[in-house]
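S.K.: Following this message is one structure expressed as structure tokens.
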Amino acid sequence: MGGRKYFGTDGIRGRVGQGVISADFVLRLGNALGRVLVAQRGQDGRRPIVVIGKDTRISGYMFEAALEAGLVAAGADVQLLGPMPTPAVAFLTRTLGVDAGIVISASHNPHYDNGIKFFSAQGEKLDDATELALEAALDVPFTTAESEKLGKASRAREAVGRYIEFCKASVPRAFDLRGVRLVLDCAHGATYQIAPLLFRELGAEVIGIGAEPNGVNINAGVGSTHIDNLAAKVRETRADLGIAFDGDGDRVLMADDQGNPVDGDDLLYILARAWKDEGRLRGPVVGTLMSNYGVEKAFADLQIPFVRSNVGDRYVHQALVEGGGVLGGEASGHLLCLDRATTGDGIVSALQVLVALRNGGQTLRQALKGLERVPQKTVNVRLGNVSAKATVQADSVQAALAAAQQSVAGRGRAFLRPSGTEPVVRVTVEADDATLMQETLDRLSAAVREAAA
């Protein structure tokens, strides 16, 4: 959202109590959104309705109350969803007939961060016109509607049940998990109630970890960013597999029956292969610049079209829409199954993997036998007084990059990525031989380091 004063591409996020992540600003934000929605409704006589969901971090109580007060003061009704995965809020916004949805979450970040993300009535990112109107409304003083036009707030008590039924509807009616022992790591986050309940209803024996949030333990040593915890529990309990979500439930990673971690690249391979066999796969599978070269090679062997987008689930989504595809994802566990959900949904994605395993009569480990990952490593080269763009475009760096790409041609990849958030250039090399990979990485990163000095 270039040129915006307050918002980035995915709402706002930061340290609680600093900048826009404050109760004062969020109160004004709720009021501004309420006024925009009231104006959009015009004279039809119905108050706009906004649903609010959150993850489990302690500051969510403060921001939920602030948003509620601001919206109600502007004349909008509010339905409080309580702790709810981000994709669930998108689904509920789309299906409850409301005007907008809000998620209070900082995803996989620590508890001391938080953020605000918006959904349109269609459960998608707000359009440019609404975003611009919201920015403009924030520069207008707080407004309280006349008493008879004030909004009301209520709890959406059927929200959990509706979302669970949606998740169940994403798998065949006859599918169940009877006889399956699985470990669920909910990151002490937004999936802590829904995920164990859902998988038990499907018949699984569920061993739960990371399902006791206290407001400050979200993502702390648990969840998809700490997969070793899940792996150890799988080995300890002799489970068939483990599933780990992140704090807001839009990412999923797994561990096989031996406790080996299974990342988003692995899960993408399992789904693509299964969906091709089922005739469900359409268009290209979309990965990112960071997807392992072994995945690309495996897809080529299977004659599955594969394209790469920039890093970030929104770019994966964009590439899928443009290419008419239905399956994409990144190693971090953001998976998009667009024939089942409009956004990345950790629970729905996990269910699709379990269906693929059941249909193929395979364990997680067996389903990965056709995939040979190659060694991959990234080095961050910190910049001096030279910009990232100038560093990457330097003749010496371009020559070193061309030489690196030639040395791993047909065996891997070498590429550079200027960071968008810090003064570094990321140097990545992968190859089917670890020594070749390391030597190539050393030469290329040295050239970048010299140009950046």
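Using N, Cα and C of the backbone, Cβ positions are placed for all residues, glycine too.
Note that this is a predicted model, so its numbers are computed, not measured.
Pasting the relevant annotations from Swiss-Prot:
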type	residues	note
BINDING	S107, D246, D248, D250	Mg(2+) binding site
ACT_SITE	S107	active site, phosphoserine intermediate
MOD_RES	S107	phosphoserine
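Relative to the rest of the structure, where do these features sit?
M.R.: The Cβ of D246 (Mg(2+) binding site) has S107, H108, A187, G189, N219, G223, S224, T225, G333, G346 as same-chain neighbours under 8 Å, each 6 or more residues away in sequence.
The number of other Cβ atoms within 10 Å of the Cβ belonging to S107 (Mg(2+) binding site), over all protein chains shown, comes to 24. Secondary structure from DSSP puts S107 (Mg(2+) binding site) in coil.
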S.K.: Starting from the Mg(2+) site formed by S107, D246, D248, D250, give every other residue of that chain whose CB sits within 8 Å of the mean position of their CB atoms, in sequence order.
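M.R.: Nearby residues not in the site list: D55, P85, T86, S105, H108, G189, A190, F245, G247, G249, R251, G346.
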S.K.: Restricting to the chain of D248 (Mg(2+) binding site) and a gap of 6 or more, list residues whose Cβ falls under 8 Å of its Cβ, or answer none.
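M.R.: For D248 (Mg(2+) binding site), the qualifying residues are D55, P85, T86, V103, S105, A106, S107, H108, G189, A190.
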